[in-house]
Amino acid sequence: MEITYASSSHRDLPTISASSSSSLGSSMPNRPVKTIPLQHPNTTSSSSSPLAQAMFSRWTAKIKRTTPSQWIDTFLPCYRWIRTYKWREYLQPDLMAGLTVGIMLVPQAMSYAKLAGLHPIYGLYTGFIPIFVYAIFGSSRQLAIGPVALVSLLVSNVLGGMDLSDELYTELAILLAFMVGIMECIMAFLRLGWLIRFISHSVISGFTTASAIVIALSQAKYFLGYDVVRSSKIVPLIKSIISGAHKFSWPPFVMGSCILAILLVMKHLGKSRKQFRFLRPAGPFTAVVLGTVFVKMFHPSSISLVGDIPQGLPSFSIPKKFEYAKSLIPTAMLITGVAILESVGIAKALAAKNGYELDSSQELFGLGLANILGSFFSAYPSTGSFSRSAVNNDSGAKTGLAGIVAGTIMGCSLLFLTPLFEYIPQCGLAAIVISAVMGLVDYDEAIFLWHVDKKDFVLWIITSTTTLFLGIEIGVLVGVGVSLAFVIHESANPHIAVLGRLPGTTVYRNIQQYPEAYTYNGIVIVRIDAPIYFANISFIKDRLREYEADVDKSARHGPEVERIHFLILEMSPITYIDSSAVQALKDLHQEYKSRILRSVLPNPNQRCSAEP
């Protein structure tokens, strides 16, 4: 049996090892001892050079190992499913899923364009070209991209606060799509998707819940029959609704409420009963058809209609008004973050469910390219949709062909059906938006967080409240800021456990978790469950002094002693120690030495011990 010990930085290690063996021989069986020297940094050479060389060599080796087929897979992810496409097995479900999502997308696209403050035609454009681009360059086979409620609200929020003509408003919305696409591509090339991990799920849930409430209130004007101020804050919206109550009109309210009720019933039946699954995607289409038929039959003058929609496919044009780009950068960054969180999160879940791997960087590149090329054809920012992606997957989509079919339906609608869209009531489109965002009100998550983690619940409340009352940008910034503050607090105050020996074993465990574990008089064994660095070393030193002064004596073994003689710091969980922590530990060691208290650091992590 071989025992491994960590040694001090002594040069004559063989002599020490031999003397240790001879001294231990009288008291215990002679067993081979392996001594691991600490690796000292080479001060004559730069520590970054070997690391850079290793990274470069790994990169070049990876390139050499890449086959032509793998290069095609990298730049054209659609090649992965094209070369393995099973026509008899996949074609029918792909066609059905694409047809279902396409029928759902057409009315939703017009509704979300209105939410963004744009003419409905731009919603149709956004649901056309980006779908084809993503089907070729995106890595998810079930993700349905296009206009979504949250991004539409962000576009409306920033552009609505600027005094712009309708033409300039539209140009800036298209420019935003171009900027978002550029940012997504940059993040893909630099593999910066990990930055989004710092936005916790509690922040996202609180943000989407508050945004859903704001979106629903912003659509109230189409139900009430009078204008409501455009704002991303709940107080101005409510004030505007109340102040204009004398202009209330019954016909749009009754029609909008009836359409909303139909949508909610169809959605509920589609989710709860398998045999009625087709009702869920058919809801928006049914709402549009019923509203249009009613308007054509009765010609109500008090119900506002969508109006004339240009017929034909979008023409190619390069985004303009780049002089406004600087002022749009914060909004583009926010939209990029929201788009990544929505799309990549959904895409990863769908990929795991369908048994294939998804590359986050490739996903970002596909989304970015879809937005860039979409902006050349008058599209505003697009991303993956929760509802349409779920419908696409539930309808049996196997590959990106389903997205191509949905895009084809959108193209046919632009070519042949736009004259029929003229008579769609605006309250019907508003009902589609409200029905879609009601699923984003995640109060179940708040209840879950209350029972599981009060800190995350507080974060949820802070994010949702600030988003509702102070606006979207401030809400996100506050939520992310508080989330990072929690992370920093946890990192600066790591968990530290006193270890005790389990009876009848040589295993040591946390005495708080295992009350039966016992300790020894005069010895404190401590485990730090985190890396040690400049931010937490002071906290660790304070806790070690506390353990030295006040240790539970109720379950101690061994002879009685007046003070602590050994402090053992279990090093195996510690993966990193920076220079500040090394110096602090040296100072602590000298302090203990002056008080005739020995400190021992067993089982150093290999990575930790190799650090300078």
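Here the Cβ of each residue, glycine as well, is placed from N, Cα and C on the backbone.
What TrEMBL records for 17-27 is compositional bias 'Low complexity'.
Here TrEMBL flags 40-50 as compositional bias 'Polar residues'.
Positions annotated as domain 'STAS' by TrEMBL: 513-612.
Summarising the annotation, TrEMBL assigns region 'Disordered' to 1-50.
Taken from TrEMBL, the feature transmembrane segment covers 95-113 (among others).
Among residues of the same chain six or more beyond the transmembrane segment (119-137), those with a C-beta under 8 A of the stretch's C-beta atoms are 76-78, 105-106, 108-113, 143-147, 170, 173-174, 177, 306, 309-310, 313-314, 362, 365-367, 369-371, 373-374, 376-382, 400-401, 403-404, 406-407, 410-411, 413-414, 418, 421, 429. Residues or ranges marked as transmembrane segment by TrEMBL: 119-137 (among others).
Positions annotated as transmembrane segment by TrEMBL: 144-162 (among others).
Summarising the annotation, TrEMBL assigns transmembrane segment to 168-190 (among others). Proximity of distant same-chain residues to the transmembrane segment (168-190), defined by a Cβ-Cβ separation under 8 Å and at least 6 residues beyond the stretch ends, is recorded for 116-119, 122, 126, 155, 159, 162, 319-322, 324-325, 328-329, 331-333, 335-336, 339-340, 361-365, 367-375, 378-382.
The transmembrane segment annotation in TrEMBL covers 202-224 (among others).
Annotation source TrEMBL lists transmembrane segment at 248-266 (among others). Sequence-distant contacts of the transmembrane segment (248-266), counting only residues of its own chain at least 6 positions beyond either end whose CB sits under 8 Å from a CB of the stretch, comprise 222-226, 279-280, 282-284, 286-287, 290-291, 294, 300, 302-304, 425-428, 430-432, 434-435, 438.
The transmembrane segment annotation in TrEMBL covers 278-298 (among others).
Annotation comment: TrEMBL describes 328-351 (among others) as transmembrane segment.
TrEMBL lists 363-380 (among others) with the feature transmembrane segment.
Taken from TrEMBL, the feature transmembrane segment covers 400-421 (among others). Note on the transmembrane segment (400-421): residues 78, 81, 85, 90-91, 93-95, 97-99, 101-103, 105-106, 109-110, 120-121, 124-125, 127-129, 131-132, 134-136, 138, 141-145, 292, 306, 309-314, 392 of its chain, located 6 or more positions outside it, place their CB under 8 angstroms from a CB of the stretch.
The transmembrane segment annotation in TrEMBL covers 428-451 (among others).
As annotated by TrEMBL, transmembrane segment applies to 457-488 (among others).
Below 8 angstroms of C-beta separation, residues 107-108, 110-112, 114-115, 120, 149-150, 202, 205-206, 208-209, 211-213, 215-216, 219-220, 222-223, 255-257, 259-260, 263-264, 267, 283-284, 287-288, 290-292, 306, 386-387, 457, 460-461 of the same chain, each at least six residues beyond the ends of the transmembrane segment (428-451), sit close to that stretch. When Cβ distances are compared across the two stretches, the transmembrane segment (202-224) makes no contact with the transmembrane segment (95-113), since fewer than 3 pairs at least 6 residues apart fall below 8 angstroms. According to DSSP, the secondary structure content of the domain 'STAS' (513-612) in residues is 34 helix, 21 strand, 45 coil.
A contact links the transmembrane segment (457-488) to the transmembrane segment (144-162), because at least 3 Cβ pairs that are 6 or more residues apart lie under 8 A.
Tertiary neighbourhood of the transmembrane segment (144-162): same-chain residues 101, 105, 108-109, 112-113, 115-118, 123, 126-127, 130-131, 134, 138, 169, 172-173, 176, 208, 211-212, 214-215, 218, 230-232, 328, 331, 334-335, 338-339, 342-343, 367, 370, 380-386, 388-389, 391-392, 403, 406, 433, 436-437, 440, 471-473, selected by CB-CB distance under 8 Å and a gap of 6+ residues from either end.
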